[in-house]
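As written in TrEMBL, here are the features:
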| type | residues | note |
| --- | --- | --- |
| ACT_SITE | Cys457 | active site, glycyl thioester intermediate |
| COMPBIAS | 639-651 | compositional bias 'Basic and acidic residues' |
| DOMAIN | 56-127 | domain 'Ubiquitin-activating enzyme E1 FCCH' |
| DOMAIN | 128-196 | domain 'Ubiquitin-activating enzyme E1 four-helix bundle' |
| DOMAIN | 463-685 | domain 'Ubiquitin-activating enzyme SCCH' |
| REGION | 638-659 | region 'Disordered' |
Amino acid sequence: VTSLNAQCRTANCSFIYSHVAGVFSQSFCDFGPEFIVSDKDGEQPHMSQVEAITPSNPGVVKVLEDHGRHGLETGDFVKLSRVQGMPELNDTEHEVKVTGPFTFEIGDCSAFASGASATQGYITQVKKPTKVSFKDFAAASADPGELMMTDFAKFDRPGVLHTGFTALAEHVAATSSAIAPGDTAAAEAVAAAAKRMVPGLSEEQLAIVRQLAVGSSACVSPMCAAIGGVIGQEVLKAVSGKFMPIKGFMYFDAEECLPAFGSLPPASVSPRGSRYDSQIALFGSAANDAILNQRYFLVGAGAIGCEMLKNWCQMGLGCGEEGRVYVTDMDHIEKSNLSRQFLFRSSDIEHPKSVAAARKAKEMNADMNITAFEEKMCTETEAQFGDEFFTGLTAVCNALDNVHARLYMDSRCMFYQLPLYESGTLGTKGNVQICVPKLTENYGATRDPPEKSIPVCTLKNFPNQIEHTLQWSRDYFEGAFFQQPADVNTYLQGNDAATDESSKMDTLLSIKKNLVSERPYSFEECLTWARLLFEELFSSSIKQLLHNFPSDQKTSAGTPFWSGTKRCPNPVTFDADATDPDTGVRNHYDFVVSAATLRAKVYGLSAYDAEDKIKAHLESVIVPDFAAKDGVKIAANEAEAKENDDSKMADGGDEADGILKELPEPKSLAGMQLYPVEFDKDIDDQ
C-alpha cells in the first residue's frame, strides 16, 4: 500500500485505499499536498431576500423571515444585488459574521445612503475554493491526526481500530498468511501487539481488536456495499473537487452484530466451500441457515429496492428451503430510472419494475426463492396482502418514495408485530431507520413538519423564487394540456365533468373554449392560440396587474406595495428571435411553438417545424392592443384569494347553468375525442 501510494504521489494522482475485514473497515484517501475543493458541502448556494441593511460599521443585514433562515456560517462570503437605498453595495462580495438566524454583519456601511437603511435586495452565498493538504499512507499511519467519526455512539472507536488494523497488518506480514476463521490464538497475538503499540488500551478496547482479528479473513456483502458506496463518492470527489473528501483514514464497524469472542466452536465457523463462507466465519453455520430461511417482503423496486435485492442475493437471504423474498412495485421502468436503478437495462424499459428486478435477482443467485407482485400497498389490496400473507413473513423492508405509503406499511407492521427496515435518499443524503416492535419507536411515531405550500396568489401574481415559476408552469401544463382535455372527454361521454362546485364555473368555461370558441382545426390555428397565449400570460396580465397595483402604490400602513417578497414585474414584448444570454434558448419562439405543438397533439392535428413558415404565420397574427379593465379583482394575499373563490361560488350558479345550455350536445359530436398529454420530464430523450 505504501509503495503504491508513493507511486501515485509521484504521478500527481489521487490515491484511495479500502480494506474490509469482517464487519470492520479501513478506508484511506490521499489526494496530494495541495488538493483544491471547489465546493466543500455540495449544497446549493444559500439565497435570501434582504429586508434591511443598516448604515453602520459594521453594516447589519436582516433577511426576510418569511423565507426562513439565511443558512450562513461566520466566514462565508455573500454577494449583494438589487439593493435599493445603497447602490454602492450592488455586485459586491462580503465576508459575513453571523449574529442570528436572520441577521449577519458585513463591512462598513456607515458612508452609504446618507444615514438611511437600505431596503430590499438579494444575497447569494459565494462558494470559495478551499486548499486541503493530505498526508501519504506511511505518514498518516504513524500520525493519523484527528480521525473522522462515523458513529457518535463509539467516540473512542476510530483510534482503537487504527491501532487494531496496524497490528493486524504487522501480524499478517510476519506470518505471511491471513488469520483463519475462529483462530482465537492468532487474535490474542494481534491484541497483544496492539497493547504494545498503545499501552493504555483498556480490556474493552482490546476485545474490539480481538473481534477484528478473528474475523478478518471474511468479506461480507453488506459491508462491501456500504464501504463501496462511500469509496465511490470519494472517487467522484477526487475527479470533481466537489465536497470535502475524507482526510486520511476513516474507520467503520458493525461489531455489535457479532457473537461473543470465542463463543462459536471451530466446526461451526470452518469453511464449507460455499458462497456464504464469509458469513459462516463471522456468525456461524446456524446463523447462516437462519439467513437463508428468512421470509422478507420488499415494498418498492426502485433505487433502494435494487440495492437491497443485490445484497440479499449475495447474502443468500430467502435462498433456503423455507426462505422466500416477495417484492412489489406498481411502476414500470422509465429511461430516467437507468441512471440509479442498476438492475435495469434499456431492454427493460416499460416492463414492470418488480418483475424485472426479480428476474435479475435469480440471475445473481439461482437459489433465491422470489415472488414478484405489481400491486400497490393500500387498503384496497388488503384482501391479497392479509393475515395469511403477513403472518408468514419474518420482516418487511420499505424502498418507497412517499411518506403516505411508508406510514401505511408502518401501520401494517405494527399490527402484525413485524420488524420494518425503513430508508430513503435525497440527492447525496440518506437516512435509515430500523423499527423493531416493543424495542424501538415505529416510523410513524415522529413526523417531519409538513412542507409549506405555495399560495395560489404567489404562484400566479407574485412569484419571488425560481421554485414558484417552476410550480406555476407545471400547474399550467397540467391544466391546459391534460385536465381540460380530460374534462372535455368526460363531457363528450355524457358524464358530468363539473362535479366539484368550487370549480364548476371554471370547468364549464374551459369546456366551452375547447369545444366551441377556441377549438382549432389546423396547426396554424394552434400557432395563433399560442401566440395570443404568450401575450396574455407575459404581457397583458402583467399590465393588468400593474394597473391594479401601480409601481408607486402604498399599502394602508404607508409602505410601498411592491416591497419585500413582492417584486414589481415588467411586461414582455414578443420577439421571435429573442435569445436568453445565459442559455442561448429562444424563450419567446420556443414557448409559442411548444405550446402550439402540444395543443395540436391534444386535438390530433399534424404539426410542423418549418421555422420560416412558422415565423411568417406568427407575424400575421393580429394581437389586440391592451386595454386595462376596471373592476378586475386580483388577490394580493391568501385571505383575498379565498374571499374571491367564495364569491365566485356564490355568484356562479346561474351563470354556470347558462354556459351549460350553450354547449353542443355530446351526441352531436359523436366520435370526437381529445388526447390529454401527461407531463413527462424525459420526453426529449425518447
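Including glycine, each Cβ sits where the backbone N, Cα and C put it.
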What average pLDDT is reported by the model for the domain 'Ubiquitin-activating enzyme SCCH' (463-685)?
83
Treating G and I as helix alongside H, and B as strand alongside E, what does DSSP give for the domain 'Ubiquitin-activating enzyme E1 four-helix bundle' (128-196) in helix, strand and coil?
38 helix, 4 strand, 27 coil
Cβ atoms near the residue listed as 'active site, glycyl thioester intermediate' (within 10 Å, other residues, all chains):
18
Looking only at the domain 'Ubiquitin-activating enzyme E1 FCCH' (56-127), how are its residues distributed among DSSP helix, strand and coil?
9 helix, 28 strand, 35 coil
